[in-house]
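Asks: Here it is, the structure, as structure tokens.
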Amino acid sequence: MNPLQLLQPLPAEIKGTKLLAHWDSGATITCIPESFLEDEQPIKKTLIKTIHGEKQQNVYYVTFKVKGRKVEAEVIASPYEYILLSPTDVPWLTQQPLQLTILVPLQEYQEKILSKTALPEDQKQQLKTLFVKYDNLWQHWENQVGHRKIRPHNIATGDYPPRPQKQYPINPKAKPSIQIVIDDLLKQGVLTPQNSTMNTPVYPVPKPDGRWRMVLDYREVNKTIPLTAAQNQHSAGILATIVRQKYKTTLDLANGFWAHPITPESYWLTAFTWQGKQYCWTRLPQGFLNSPALFTADVVDLLKEIPNVQVYVDDIYLSHDDPKEHVQQLEKVFQILLQAGYVVSLKKSEIGQKTVEFLGFNITKEGRGLTDTFKTKLLNITPPKDLKQLQSILGLLNFARNFIPNFAELVQPLYNLIASAKGKYIEWSEENTKQLNMVIEALNTASNLEERLPEQRLVIKVNTSPSAGYVRYYNETGKKPIMYLNYVFSKAELKFSMLEKLLTTMHKALIKAMDLAMGQEILVYSPIVSMTKIQKTPLPERKALPIRWITWMTYLEDPRIQFHYDKTLPELKHIPDVYTSSQSPVKHPSQYEGVFYTDGSAIKSPDPTKSNNAGMGIVHATYKPEYQVLNQWSIPLGNHTAQMAEIAAVEFACKKALKIPGPVLVITDSFYVAESANKELPYWKSNGFVNNKKKPLKHISKWKSIAECLSMKPDITIQHEKGISLQIPVFILKGNALADKLATQGSYVVNCNTKKPNLDAELDQLLQGHYIKGYPKQYTYFLEDGKVKVSRPEGVKIIPPQSDRQKIVLQAHNLAHTGREATLLKIANLYWWPNMRKDVVKQLGRCQQCLITNASNKASGPILRPDRPQKPFDKFFIDYIGPLPPSQGYLYVLVVVDGMTGFTWLYPTKAPSTSATVKSLNVLTSIAIPKVIHSDQGAAFTSSTFAEWAKERGIHLEFSTPYHPQSGSKVERKNSDIKRLLTKLLVGRPTKWYDLLPVVQLALNNTYSPVLKYTPHQLLFGIDSNTPFANQDTLDLTREEELSLLQEIRTSLYHPSTPPASSRSWSPVVGQLVQERVARPASLRPRWHKPSTVLKVLNPRTVVILDHLGNNRTVSIDNLKPTSHQNGTTNDTATMDHLEKNE
């Protein structure tokens, strides 16, 4: 509109009343006569500024018309009788042609659609006219956004606000594309520069055309947002129910989410940072939890009156048989979308075609199939190099899982790689490549699937194999499947009978069928002749839990489901009869090298505190060829059940069978034991010996032992034979009868069985009166309650066997990991034996937890006194102090100390960098170049740049050992002096230290050393500086006298001798086991690393070790302690490895 026309009154209408409106360029909000707002509810309050001052006013959200065009906006009450319009509410009044960055070739897209359409010529011309008529509907620019005039969405959070997130590193190639998007959205008001307490990282995603899509990671925000109850229908359900008529159209709404406004109170949640500046969304952002549901609900509501339309997020599908009707309905859709404020992308749209692409599939009149684009992606798949690539490939394959009947079985080996992956690495083999190619070939040759006809009943055909179930869905009159379903049985389901596996598959099929039935009956065809008869399946034949059987049986009562037996599917008939069981033919015992007959028995115990007395009997026999008993055992077991006795007898026989070469037969009369050993034991072993309720099995130790024996000797056969029966062979009857007799004897003698004391040879001789070294003769030794005891002055003590002494010490020590004396006193309460203290010390030295936690009980050797350089400037010690409080832009101070004189130079720097170090030392080396520079291992001193600088000047670099400041004690001492002096001089003004550095340097260089009795200035120049308290006699000396005095001072320097070594000190040797101190141990964490080997001794106080990470490191012995076990003791570091995992 011409700007002059804006000065004229504009026709308006509100609530059916016509009035005038005036465009006000200075208005920030539209003003409505207050009489029209009496029945409205305010949505908030806002502060209004006018020439008369500021005032809080109610804000309303109303709908009115301007020049016949609908306007929805926030307004306030006005005392005038006309409307004052804010320019932001009617932007179309002054609308200029949109100018963004990248122009879309719209004409090219329209010609492409017209060339591919299947519409007759008349309708094609009508479509061409529609392109011109609705030009404002099409997307002319990339990143062009519509403007949906609806009440803004409010993004509500839960009880806790989201936490701001850091920005990820961004690929530099993505920055130009993202910058274009942000610039275009700023021009359209979709983004606004605004600071926020929230931040979401930008995550650019590459597009196929080489550009990048701007995606925001809103996962942290989504955690705090309540999920909208109304959610989108699943794409599979839409594909199964869409109308497939002759002419089909798909429309793509461009940037649909960005057309929906949000309330200003929600802006802060959407904030992100780009190029150091923060932006917020004024529209519904992509990636927000409820964006798809809110957007789809709006589009569905707009198009609800249009027949044969289906909406999935920003994709619109419609289909009709009549071309005229199709074009008429298309125009209605165009008109609705334009009035609503949406923009349509013709690049991704297909109009009036017989086959269109919708939701990733080719949609035809008969059904759906895989697109050429998808098949091309399959052919471009290469073997994955890591876990992420494998998951991406499986995600792509899973998209088409319903197109082949055995998809789950084909991809199962690939999914197994995910479970066995080590971090992000996978073990990909040639077999995996073949399997992947097999899946790709099957998908590329897959046929189209038929559409679901809602007026027909749904047919399900079910089949099963030992490892998987197969399902096909049909329309009642259909010839092609609607979809396939393949289900791989779990470990628990693999143990089911074939009938139960078929019922499991049927259950999975019916869950999916409820979505596909669309209110129609479901016809299930299976190899089961009569579903009602399966209820009579005997309990011993049921492997599944009762709850599963209850679920399966409920389908019999569902009136929507009918079960049929399909005679046309012979491959589905072969299911084992659940009423019969197959048994392997019994071999004659002469075919085995040995035969064990086992039995268990239990009687009621006469002891009221016990329930049973159990015993087991085992007979070892052979047939050469006659029956001959080689050995027999009758063993009491105590208070146990007969079942436990049966299992223990089989375990005993299996252990004895390990010593026999060749096949061995173990016969038991317990059906439970034989069936469990032959059928259930492999599953128990694989799942950790737990039952279906994930609880440990009864008698788990026995079953583990039997499983171990069977794995060590696979030719052990465990066979069930009934007890005393006329139906069993005579050669088995004899062995069973004897084993039963022995088991009964064991159960009866258990009460009078006396346990023999556990004595070794030493204690046995002691009881016989022989003199044993270490046992005093004056004490009395006797046997009581199966234990050897000694009567000592402090009381009666138990003497344990030698094999038990280590366990006793460890048990006493592990209670609280006490020291030698505390552990010894605890043991001495009950026990005594010779050399008890020595055994305690030995075991404590092997406690891994104490080794890495206790402090060292040995001191390192005396401190080495490094030789003082003979001349000034031979050796410099350098280090950084800081960070200090900012002072004129400086934060750090480089300290340089001369090794011979202690003379100090101070250089302020802004950072402890290599460049700052080199710059400062270049000033100093203009006076003299040192031979050696000693420093710690900071980054500024160990960089290649600093090493190159030193090499060019012939300077040797020397470094302190880590975590050992004593190595650079000269400069460390100066650092403490500098900090102390600065603190005292800067009380109340810590940021003024830069100006005081010359004063501090002068003070340090003229301070007397209590040891040397001279100042650094005197040691360097031979005379005092011109400062207070200076020796005035030296100021008048001639140059010859100064040099003579300087030589006298330097030759008289006091060289302290090395102090003598402590009696508790230690010296390192090559090959010695030592433990390195943890630099900064966390609370309740070990203070020492696991033992390492000394590889080289550089000097009495510095060594090279192979550290706990496998690296050679130079360390000071001040940070080491010798390991307790050195000679002949195994360096078992398993415990310490476990404890150091999280260091």
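The backbone N, Cα and C atoms fix where each Cβ goes, glycine too.
Sharing the record's features from Swiss-Prot:
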- 1-143: domain 'Peptidase A9' (DOMAIN)
- Asp24: active site, for protease activity (ACT_SITE)
- 198-363: domain 'Reverse transcriptase' (DOMAIN)
- Asp252, Asp314, Asp315: Mg(2+) 1 binding site (BINDING)
- 590-748: domain 'RNase H type-1' (DOMAIN)
- Asp599, Glu646, Asp669, Asp740: Mg(2+) 2 binding site (BINDING)
- 868-1024: domain 'Integrase catalytic' (DOMAIN)
- Asp874, Asp936: Mg(2+) 3 binding site (BINDING)
- 1117-1143: region 'Disordered' (REGION)
Asks: Hey, of the binding-site residues listed (Asp314, Glu646, Asp669, Asp874), which one tops the CB count within 10 A?
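Replies: Neighbour-count leader: Glu646.
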Asks: Using C-alpha positions only, work out which of the recorded positions Asp24, Asp314, Asp315, Asp669, Asp740 is nearest to Asp936 (Mg(2+) 3 binding site).
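Replies: So, spelling it out, the nearest of the recorded positions is Asp314.
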Asks: Helix, strand, coil: count each for the residues of the domain 'Peptidase A9' (1-143), based on DSSP.
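Replies: Counting residues per DSSP class in the domain 'Peptidase A9' (1-143), I get 39 helix, 53 strand, 51 coil.
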Asks: Where does Asp669 (Mg(2+) 2 binding site) sit in DSSP terms: helix, strand, or coil?
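Replies: It is coil.
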Asks: Given the recorded positions Asp24, Asp315, which one's Cβ is surrounded by the fewest other Cβ atoms within 10 Å?
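Replies: Fewest other Cβ atoms within 10 Å, among the recorded positions Asp24, Asp315, is found for Asp24.
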Asks: If you count, for each of the binding-site residues Asp252, Asp599, Asp740, Asp936, the other Cβ atoms lying within 10 Å of its Cβ, which residue has the minimum?
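Replies: Lowest Cβ count within 10 Å among the binding-site residues (Asp252, Asp599, Asp740, Asp936) is Asp252.
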Asks: Would you kindly give the Cα-Cα distance separating Asp252 (Mg(2+) 1 binding site) and Asp874 (Mg(2+) 3 binding site), rounded to the nearest Å?
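Replies: Approximately 79 Å lies between the Cα of Asp874 (Mg(2+) 3 binding site) and that of Asp252 (Mg(2+) 1 binding site).
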Asks: How many whole Å apart are the CA atoms of Asp314 (Mg(2+) 1 binding site) and Asp740 (Mg(2+) 2 binding site)?
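Replies: Between the alpha carbons of Asp314 (Mg(2+) 1 binding site) and Asp740 (Mg(2+) 2 binding site) there are 79 Å.
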Asks: Return one of helix, strand or coil for Glu646 (Mg(2+) 2 binding site), based on DSSP.
Replies: helix
Asks: To the nearest whole angstrom, state the Cα distance for the pair Asp24 (active site, for protease activity) and Asp740 (Mg(2+) 2 binding site).
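Replies: Rounded to the nearest whole number, the Cα-Cα distance is 109 Å.
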Asks: Report, in whole Å, the straight Cα-to-Cα distance of Asp740 (Mg(2+) 2 binding site) from Asp315 (Mg(2+) 1 binding site).
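Replies: Their Cα atoms are separated by 78 Å.
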Asks: Fill in the CA-CA distance, Glu646 (Mg(2+) 2 binding site) to Asp252 (Mg(2+) 1 binding site), as an integer in Å.
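Replies: Taking the Cα atoms only, Glu646 (Mg(2+) 2 binding site) lies 73 Å from Asp252 (Mg(2+) 1 binding site).
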Asks: Nearest of the binding-site residues to Asp252 (Mg(2+) 1 binding site) by CA-CA distance, picking from Asp599, Asp669, Asp740?
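Replies: With Cα distances computed to Asp252 (Mg(2+) 1 binding site), the winner among Asp599, Asp669, Asp740 is Asp669.
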Asks: For the domain 'Integrase catalytic' (868-1024), what's the model's average pLDDT?
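Replies: Looking only at the domain 'Integrase catalytic' (868-1024), pLDDT averages out to 81.
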Asks: For the recorded Mg(2+) 1 site formed by Asp252, Asp314, Asp315, name the remaining residues of the chain with Cβ within 8 Å of the site's Cβ center, in chain order.
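Replies: Neighbours found: Thr250, Leu251, Leu253, Gly256, Tyr312, Val313, Ile316, Ser345, Lys348.
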